[in-house]
Amino acid sequence: ISITFFLLLLNKVNSAEILSFSFPKFVSNQEDLLLQGDALVSSEGELQLTTVENGVPVWNSTGRALYYAPVHIWDNSTGRVASFATSFSFVVKAPVASKSADGIAFFLAPLNNQIHGAGGGLYGLFNSSSYSSSYQIVAVEFDTHTNAWDPNTRHIGIDVNSVKSTKTVTWGWENGEVANVLITYQAATEMLTVSLTYPSNQTSYILSAAVDLKSILPEWVRVGFTATTGLTTQYVETNDVLSWSFTSTLETSDCGAEDNNVHLASYAFI
């Protein structure tokens, strides 16, 4: 694993606060992940977000995994907002494809955020389907089950303080196949873009929406994944993340001409 967090202070250019990490696979007792609920790292090196017993997924399971280091997503002193990119691979597999539930999501949330609600279609992120600015959550959901607040198909959605997605695209979920995802956020345009590709058949899905992170999130957040299974015994699936990388870049302030060195921030992780 490669993990870095540093400040670059260069002559006549903006300084940048950068957080970057990469998990090509996961290991047991992964110290740099905060596991919540049913999440664990399997013996195969996969981040298993929901419970599997004797090879069978369990209903009413909720699990989350967050990176332990906070992400400085915007700076109150300058008003600047970070850009970020994250890529990951995951597999969702249901014993019965027509009864998949409920899905997996990547999210940004306050540092002290814990599992909310009853799981199921609320993803452990929300207490109800109603909007509330108090959540301070932005998420990208990969939804395998249609709930009352959803479009009438499996979909990828961008969620802002509500499980009711602000924008969606139909998702042709492939049962048991590896999906590769890239999510980017460009601070200059406030554009959040999601792309998902299945290498097995080269199908791709793209979704974009304007999201003002500064008006939604606190200055410091954690990033991670959450997943749930259904609230009845027949609606189940596995929700496994195979790999994950993330980089955020926050421009901080202009440097003086006399400073042309590169300085490390207060801590670094190797």
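Backbone N, Cα and C atoms are what each Cβ position is placed from, and that goes for glycine too.
Copied over from Swiss-Prot, here are the features:
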- Glu141, Asp143, Asp150, His155: Mn(2+) binding site (BINDING)
- Asp143, His145, Asn147, Asp150: Ca(2+) binding site (BINDING)
- Asn60: N-linked glycosylation site (CARBOHYD)
- Asn76: N-linked glycosylation site (CARBOHYD)
- Asn127: N-linked glycosylation site (CARBOHYD)
- Asn201: N-linked glycosylation site (CARBOHYD)
- 1-15: signal peptide (SIGNAL)
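On the structure: features taken from Swiss-Prot.
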residue: Asn60; record: N-linked glycosylation site; contacts (Cβ under 8 Å, 6+ apart): Gly119, Gly120, Thr229, Gly230, Leu231
residue: Asn76; record: N-linked glycosylation site; contacts (Cβ under 8 Å, 6+ apart): Glu219
residue: Asn127; record: N-linked glycosylation site; contacts (Cβ under 8 Å, 6+ apart): His116, Gly117
residue: Glu141; record: Mn(2+) binding site; contacts (Cβ under 8 Å, 6+ apart): Gly103, Ile104, Ala105, Tyr123, Ile156, Gly157, Ile158, Asp159, Val163, Ser165
residue: Asp143; record: Mn(2+) binding site; contacts (Cβ under 8 Å, 6+ apart): Asp102, Gly103, Gly121, Asp150, Arg154, His155, Ile156, Gly157, Trp171
residue: His145; record: Ca(2+) binding site; contacts (Cβ under 8 Å, 6+ apart): Ser100, Ala101, Asp102, Gly103, Gly121, Arg154, Gly230, Tyr235
residue: Asn147; record: Ca(2+) binding site; contacts (Cβ under 8 Å, 6+ apart): Asp102, Gly120, Gly121, Ser129, Val163
residue: Asn201; record: N-linked glycosylation site; contacts (Cβ under 8 Å, 6+ apart): Glu174, Glu177
Mn(2+) site shell beyond Glu141, Asp143, Asp150, His155, criterion: Cβ within 8 Å of Cβ centroid: Gly103, Phe142, Thr144, His145, Thr146, Pro151, Arg154, Ile156, Gly157, Ser165, Thr168, Trp171
Cβ packing number for His155 (Mn(2+) binding site), 10 Å threshold: 22
Neighbour tally for Asp150 (Mn(2+) binding site), based on other Cβ positions within 10 Å of its Cβ: 20
Residues close to Ca(2+) site centre defined by Asp143, His145, Asn147, Asp150, Cβ within 8 Å: Ala101, Asp102, Gly103, Gly121, Thr144, Thr146, Trp149, Arg154, His155
DSSP-derived class (H/G/I helix, E/B strand, else coil) of Asn60 (N-linked glycosylation site): coil
